[in-house]
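Input: a single structure, listed below in structure tokens.
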Amino acid sequence: MTNIRKTHPLLKIINDSLVDLPVPSSVSSWWNFGSLLAACLAVQILTGLFLAMHYTSDTATAFNSVTHICRDVNYGWILRYLHANGASMFFICLYIHVGRGLYYGSYMYSETWNIGILLLFAVMATAFMGYVLPWGQMSFWGATVITNLLSAIPYIGTELVQWIWGGFSVDKATLTRFFAFHFLLPFIIAALVVVHLLFLHETGSSNPTGIPSDPDMVPFHPYHTIKDILGILMMLTMLSMLVLFSPDLLGDPDNYIPANPLNTPPHIKPEWYFLFAYAILRSIPNKLGGVLALVLSILILAVIPLLHTSKQRTMMFRPLSQCLFWLLAADLLTLTWIGGQPVEHPYIIIGQAASVLYFTIILLLMPLTSIMENHLLKW
């Protein structure tokens, strides 16, 4: 008798995705981050659901409702900090996942890659709206500054911003709609994840060598299930340590001050995972130019498959490209640092140099280096 997991219409889909899925035997731990992202999404949806039961999306009570969750709700404090720091873990895994895709040429699977870019935008939008909900000073002013960027769009900018605000400033209507979208988007993300996996399983995973691995496959279970469980346990350990020992390490102290439209904080800045994009935005003196650079800093991922000039898929055997990749990683860390600094000398010029370098590496240096490596291989 055939196993039910191979014949049942529903179980068959799960079986083909998580049990009998052929995986290249050479995939390393860099391939773990997909499952870690799924775990992060599950943690965020669960903690978010319970937080939503106690949160009120009204300007008069939002800040107090978060305080109430932390003080009066059973284990409310741990839910709140798991959710806040879970977002940080989410972005750490997300950036490593994208970095692995760049390093090992996973962008050659264009459908999977493009859905991934869409997912990145959706997660960033969700995180931004979530940051507004506690209605502290940084929530209010962050929402004001970032939504105001849309006013740089010619002709329709001002009307568009007021339409998003639901009034003439960030107020009750804005908070209510941000809560509605923040609740809805993770479920849309979950649906997109299924589509992401659907396209991935059409082609199968890539591997560190970049050569076809059809003759050398292993089943997903038990090899990669055990490997993924280990990764998830390690991530949950890190998250638990962050939540239990220093829950406010990655947050902004200004967000413990209730939102006040009459008092601007000295340094308005987003959460750490947006600082690199914020630094690129600030490095351009022109408003529209800054907004375009901000969007392009993420959207540039979409043109990377077109810029692939190497005869090899991955960077595993391309030392010059590896140097550029790690230079790009260092540049992003520099931008993250600059984004958290005040707008003054020498931070301005460092930010501008790092922003120019970011686009130069991706658009110019990487394709040219790949061409050079192709010629070196002829020797």
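Just so you know, the numbers here start at 1 and follow the chain as drawn.
Quick reminder: no glycine exception, Cβ is built from N, Cα and C everywhere.
What Swiss-Prot records for this protein:
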type	residues	note
BINDING	His83, His182	heme b b562 binding site
BINDING	His97, His196	heme b b566 binding site
BINDING	His201	ubiquinone binding site
TRANSMEM	33-53	transmembrane segment
TRANSMEM	77-98	transmembrane segment
TRANSMEM	113-133	transmembrane segment
TRANSMEM	178-198	transmembrane segment
TRANSMEM	226-246	transmembrane segment
TRANSMEM	288-308	transmembrane segment
TRANSMEM	320-340	transmembrane segment
TRANSMEM	347-367	transmembrane segment
(Q) Tell me which of the binding-site residues His83, His97, His182 ends up closest to the residue listed as 'ubiquinone binding site' in space, Cα to Cα. (A) His97
Q. Thinking of Cβ pairs under 8 Å, which stretch from 77-98, 226-246, 320-340, 347-367 has the most of them with the transmembrane segment (113-133)?
A. 77-98
Q) Of His83, His97, His182, His201, the binding-site residues given in the record, which has the fewest other CB atoms within 10 A of its CB? A) His201
Q. Does the transmembrane segment (33-53) reach the transmembrane segment (320-340) with at least 3 CB pairs under 8 A, where each pair is 6 or more residues apart?
A. no
Q: Have a look around His196 (heme b b566 binding site) and count the other CB atoms within 10 A of its CB, chains all included.
A: 21
Q: Check the transmembrane segment (226-246) against each of 77-98, 178-198, 320-340, 347-367 and return whichever range has the most CB pairs under 8 Å.
A: 77-98
Q) Rounded to the nearest angstrom, how far is the Cα of His196 (heme b b566 binding site) from the Cα of His83 (heme b b562 binding site)? A) 24
